[in-house]
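Notes for the one structure printed next.
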Amino acid sequence: MSVVAETTQSISSILLVAVILNLPQARSVKLSWITRAWFICSFLQSAICTALDIHSTLLAKSFLGVEQYAEIISLFPYMLLFVISVRGTTGISFDSNSLKEPLLQVQTSKEKHAENKRSSFYGSASLVQLVTFSWLNPLFTTGKMKPLEQNEVPDIDKNDYAEFLSHSFNCCLNNVKERYGLRTSSIYRAIFMFIWKKAVINAIFAVAAAGASYVGPSLINNLVKFLGGDRQHGLKSGYVLALAFLGAKVVETVCQRQWIFGARQLGMRIRAVLISHIYKKGLVLSSQSRQSHTSGEIINYMSVDIQRITDLIWYSNIIWMLPVQIALAIYVLHKNLGVGALAGLAATTMIMACNIPLTRAQKRYQSGIMEAKDARMKATAEVLRNMKILKLQAWDLSYLHKLEDLRNTEHNWLWMSLRLQAISSFIFWGAPMFISVVTFGTCIVIGIPLTAGRVLSALATFRMLQEPIFTLPDLLSVLAQGKVSADRIAKYLQEDEMRADAVEIALRTEAEVDVEIDNGRFSWNQDSYYPTLENIQLKVHRGMKVAICGTVGSGKSSLLSCILGEIPKLGGRVKIRGSKAYVSQSPWILSGNIRENIVFGNAFDNEKYEKTIEVCALKKDFELFANGDLTEIGERGINMSGGQKQRIQLARAVYQDADIYLLDDPFSALDAHTGTQLFKDCLMGVLRDKTVLYVTHQVEFLPVADLILVMKDGKVAQAGLFDELLSQNIGFEVLVGAHSDALELILNAETSSKSLLAAEKTILEASSRNDSDAEKTLNTSFQNINKQESEHDICQDMADRGRLTQEEEREKGRISKDVYWSYLTAVRGGALVPIIVIAHAFFQVLQVASNYWMAWASPPSTTTESTVGLKFLFLVYILLSVGCSLCVLIRATLLVKMGLLTSQIFFQKMLHAILHAPMSFFDSTPSGRILNRASMDQSVLDLELAGKLGWCAFSIIQILGTIAVMSQVAWPVFAIFIPVTAICIWYQQYYLPTARELARLSEIQKAPILHHFAESLSGAVTIRAFGQKDRFSNTNLSLIDNHSRPWFHNISAVEWLSFRLNLLSNFVFAFSLIVLVNLPEGFLNPSIAGLAVTYGLNLNSQLATIIWNICNAENKMISVERIMQYSRIPGEAPIIIEGRRPPTNWPHVGTICFRNIEVRYAEHLPSVLKNITCIVPGRKKVGVVGRTGSGKSTLIQALFRIVEPREGTIEIDDVDICKIGLHDLRSRLSIIPQDPIMFEGTVRGNLDPLEEYSDSRVWEVLDKCQLGDLIRQSSKKLDSTVIENGENWSVGQRQLFCLGRAMLKRSNILVLDEATASVDTATDGIIQETLREEFKDCTILTIAHRIHTVVDSDLILVLSEGKILEYDKPSTLLEREDSSFSKLIKEYSMRSQSFNNATQCK
């Protein structure tokens, strides 16, 4: 029979060789399933036969024969075939009929990767390189020579590209949707379908590693017998045992490294897939869904939640390993202890039963943590977005306390979770001792003899079982965290999307009607009884110019939104024919240069581009910008004026050359002349043949419209031509009348100083000049000033002129010892650290002592008497075990307490530093960088870092215990351990420079993903309108790949190091076995020698654990380093200066005295304000005018000390504002900013966030702001909801809320910065009257483009290039024809007169 078997196996091997040799001739790229199954079965057959042969040889106590050696040798090629079958590819590929190495093909356009990027080392690696991770050697060589840069990191494998992965997952998700619909379980099914193949491969390696780890414990008894004198076959049986030990450890090392690497790689793929789908979902979220998920929450999904899911992927392999390890442990115990093993099984089951309540509690705590973190991140994102208004309103302290309160809530949940984790650690660290006590106790009770060999085999088994039980608390925690995070993401992915059928897209050839709305009913809130828009009937023929006007909140912007398909449709039909372009009311500008914002993904056409910037009045801006149109725009266009941002946005739309243009009040941020020029050159010029619908509050732009829609209460109240609407006399004349009143005010001012005839003559002369530009571009000095905003980002190199946001700050080289010291000494000066270390040291000593006691006291064989009585032996063992458990409890509790307190201290320092940072820091620092530190880095400090650092110390203590035990019986081990340790340290030093920079690059590459996502969310309407979703999604995929590259190579580098350290420790273990085998019989106590081998079985994992923990801790310490960077930001002046606080009624009069004020943003840059000297009399109204870049905003910033004067003083009522605290100054001044900002919450919370005023006072202010009736319509009244950014209120309504804040505060000094730019003329007139009445006894500084709002001021201050050009009464300035103020008046008069002429022509 054996001859037949051998013959069959030989024939099989011959056929196998033939198949392999035939693969190149057969041009096979992939292996067939039959071939793969054959390879796997051949490997299993060889492995089983080899194991059985060795086992039978050991039982028969005979020597290995030639056949057995042949079996062992043949196992290795079969193992190679097994690996090949798992991969499924032959390792060859074809291109143009030529054979070549895989993954080295010429780059295709589809891959979209930069040419200067290094090719994938992993993708072109051989099998040996994959097993040993030596494909990383070139990267380590580069990293050792100098700090790595992003472009030096090799590419990832093509199967790891985010584009490929996203497409694969999308197919899985679509398949699941078709079968089960879309619900939470569907998301899980799709993830399972996506990962199952790779997960199965990882599971096989994990189970193989777990199985190999139990070969050693099963052979301990045989080794002890051999050392005790059972040497019937001489030394050869000892060598066979040593070979079996070593072989098992090598297999364990290879399989362990492969499954861990595979799990990390799979986690990376899951992360890429989920980030890309979260991003795509964000671009298509419906308005209702968008309200329930703020940008802060979604950023949390991308950072924290996805990280937890990737951790879960790694830990999931423990789930398959655990039953295998427990089954093998019980098998080994049963072989040695018989029925006593059942007691061990019962004890293990009891420990596992503790999982159920612990897991439930941990899941509840994790849900609380994530909800609290969401709330904190949402508030943090809102604060960062609106930091300027918080500083101007002196609300920064209030919002600091709000963030601290939210953090305290999160801290409480964290403490409950970590406290439970400490209890879990106590239970499961004590579990092996508990199991051993129960098992040995049972054996003593039922009379099973405990020999040294049996005890040591059992102890070795318990030590092997210790690892999975140790990881059980972490597994439970990760499972709870991962489940909560996966549920949150699944819920998000199920949210409603924009309805594709909301707008019908028809062919332009069908009809001449471009926009058609038939009986449309729309509502932002579908549950509301009152729709936002109803009874909308509209037909816009090709080439028509349709003007949309109406009062604030009448539905003008909503009408454009329904054409875009943004507002949910309740009924009716919307149809458009042709492509569309959209200009939003609040400018949306992308970070990047100006040209990128204008071209917006289209092919660059120089002729069209030049024409576009000319008609949008941007040419002069570009001439004076540092880098022309390549000048970088900061986050949210921070270094551009409002007018420039609006013109860039308009140029973007013009460059698209669309068929239909939807313009939402594009002229509100422009002054008179620029607005007129753009209307003439752009709307009536380059877009004359296009279909244009434009919202406007400027009545002068209405007469030329082919159709005017007057909106009122969500309906089209009137529709027709200008003169038709005037003749109807049912509301439109109110808007026109308000404009006429404003014009009359201007004309009266002119008439008071000179004759109207002379003025008209001057107007005609002025109109003939083509070189006048009402909104002149920023001069070079102003642009340079905005170019710098942070000390970290200043670059004086001329090549970087125009660059505002520099590369993220990154440390290089080793992490400073100061970082470690700061972390370790943050709590009580580090007093808890030695206590924690000592507690673990006692644990290790007691654990070694308990095992030593059992080995020493147990009899060598059943025929030998025990040294001590069994009861005494067992009692001492129990006492030592209890001592171990108590040490674990002390250590675990103190560790989590210290870690959380330290995390809280670092958070507080960073939070205070950020909120007290100057505005220049926020202008030049993308919010994504700050949010990344506040979410991901802070999460590392909260939950991971203390444990990582603790394990560095604990693993060192453990290996010292192992070396001590092994050296006692085989002192040469200690001698060999010294050079091996030196080699390990060399490996670590060789590894660290590369790994450290890879970790830093990985952290840095996270921020662009979050920043791009935050920008995309805020501009989702524009992205959808321009049909750019695919382009932005591709950019997101590219950013994911940029992050995956350093991350993948970082985790690969860890495995590279671990593999080598494992092999070294295996060598030490094999050496110690050979020493023991060769020692003469009776030279050593076999029990103690067996104990040494028991500890030696863990040597490879312990040594690798030390280096891995040290390296991992250093990588995690990068989070501390990054948080400390933002804890050392140079701050503003003190908030409050005790001893220099102004009187409670200050400022009483409101006199402002500027003396020789000079302001510059950095020492190396020119001054923005130069020698400003003037006095603003108290209780007077002063208008501040000047071209863009003249210094108006800087003057206001200097008054509020947003920027500090370099020279001179500013005094308010004889108090030098630079000598008092910032809070005392800003809280006594009021400002209505140009950009209306609202915070998420309630109406009352937005008006009175500090809760200083009564409800009656709030209602009074709302009525004066024309908002009272609107708020009363809501059932929640003052508690009416305000969503993120106030997006459920129109821009005009938001400006009215800002007015209400100022009226509530009622300071004696009020600053109006374009405060009514987004409201209609009629409402503006009411507001101006209200301001005159409410603030008649106050000092008012007004910056305005609507010249009629300042013409009745007591004084006019004209600025030019940072200097005072004119400062006098309006009447005095108008008397001089050459005065700048006179020219501004004439420009406005000319535009208004053209409106009158157009009206007359009509």
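Each residue, glycine too, has its Cβ placed from N, Cα and C.
Per TrEMBL, the features are:
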DOMAIN    200-481  domain 'ABC transmembrane type-1'
DOMAIN    515-738  domain 'ABC transporter'
DOMAIN    835-1115  domain 'ABC transmembrane type-1'
DOMAIN    1154-1386  domain 'ABC transporter'
TRANSMEM  36-60  transmembrane segment
TRANSMEM  72-94  transmembrane segment
TRANSMEM  199-217  transmembrane segment
TRANSMEM  237-255  transmembrane segment
TRANSMEM  312-333  transmembrane segment
TRANSMEM  339-358  transmembrane segment
TRANSMEM  437-456  transmembrane segment
TRANSMEM  820-843  transmembrane segment
TRANSMEM  872-894  transmembrane segment
TRANSMEM  969-987  transmembrane segment
TRANSMEM  1061-1079  transmembrane segment
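The recorded stretches the transmembrane segment (820-843) and the transmembrane segment (872-894) share 3+ CB pairs below 8 A when only pairs 6 or more apart in sequence are counted, and are therefore in contact. Computed over the domain 'ABC transporter' (1154-1386), the whole-number mean pLDDT of the model equals 82. Here the transmembrane segment (199-217) has long-range neighbours at 86, 244-245, 247-249, 251-252, 255-256, 258-259, 262-263, 266, 313, 316-318, 320-321, 324-325, 328-329, 331-332, 457, 460-461, 464, 1093-1094, 1097, meaning same-chain residues at least 6 beyond its ends whose C-beta is under 8 angstroms from one of its own.
The stretch in closest packing with the transmembrane segment (437-456), judged by the count of Cβ pairs under 8 Å and taken from 237-255, 339-358, 872-894, is 339-358. Under 8 Å from some Cβ of the transmembrane segment (312-333) lie the Cβ atoms of residues 195, 199, 202-203, 206-207, 209-211, 213-214, 217-218, 259-260, 263-264, 266-267, 270, 340-341, 344-345, 348, 439, 457-458, 461-462, 464-465, 468, 471-472, 474-475, 478-479, 481-482, 486, all in the same chain and six or more residues away from its ends.
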